[in-house]
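According to TrEMBL, the protein has these features:
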type: DISULFID; residues: Cys61-Cys67; note: disulfide bond
type: DOMAIN; residues: 24-167; note: domain 'Peptidoglycan recognition protein family'
type: DOMAIN; residues: 34-173; note: domain 'N-acetylmuramoyl-L-alanine amidase'
Amino acid sequence: MFQRVILTHSVFRSWMNETTPLRSRIISRSEWGARDPILVEKFTDPSAFVIIHHSYTPAACYTTDDCKKAMRSMQDFHQLERGWNDIGYSFGIGGDGNIYVGRGFNVVGAHAPKYNDKSVGICLIGDWRTELPTDTMLQATRDLIAFGLSRGYIHRQYELLGHRQVRPTECPGDRLYNEITKWPHFSPAPNNNKNNNKKYKN
């Protein structure tokens with residue numbers, strides 16, 4: 001099911017009002033200074049896929065101020081230069097250990113063609129080709145997935161993928177990709193027939 005809605009803060013904050021097991025702090029869009037999206041397109045089914053990205057640029061950030069700047073930089077690039085509705089990712093993970101809300105759960109993204117309407121896109125801010133994200137970043141990513149799973153935003157039989165598995169790219173970097181191949185639900189061969197493959201404007 002698909003729903004087109006106009007932005008309200010509740011679109012991105014309703015799930016944040018629940019008691020969560022997350023050890024990481026959630027940084028809302030208003031906290032990192034997000035610009036309003038042009039359009040919000042939601043899907044109601046649980047996400048069948050979790051797709052891991054790296055930003056490459058901006059570089060890794062290790063203070064909250066720098067990570068907020070990185071999120072604004074990505075939104076500027078995606079929205080102003082690429083003409084997308086919003087920052088492409090569902091969430092960003094900062095080197096400060098915080099989780100930054102991008103489009104949020106159950107919102108059609110712009111991070112993985114043919115998967116945007118059935119996935120959560122998580123970007124670990126930085127270039128992870130030769131270095132591995134910190135343990136804090138990796139734990140925040142796993143915690144976010146566990147939270148989405150426990151609240152029904154992510155399907156219990158979800159597939160975990162690296163961005164390179166759905167389009168030709170180095171993303172999420174060799175070191176990070178090799179790391180996630182060891183995680184639960186990693187799928188070496190994505191099955192894109194899990195949900196309807198509809199095309200939506202990014």
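Positions of Cβ are set from backbone N, Cα and C atoms, glycine also.
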Three-state composition of the domain 'Peptidoglycan recognition protein family' (24-167), taking helix and strand from DSSP: 41 helix, 36 strand, 67 coil
Residues satisfying Cβ distance under 8 Å from Cys67 (disulfide bond), sequence separation of at least 6: Ile27, Trp32, Cys61, Gly92, Gly94, Gly95, Asp96, Asn98, Tyr100, Ile125
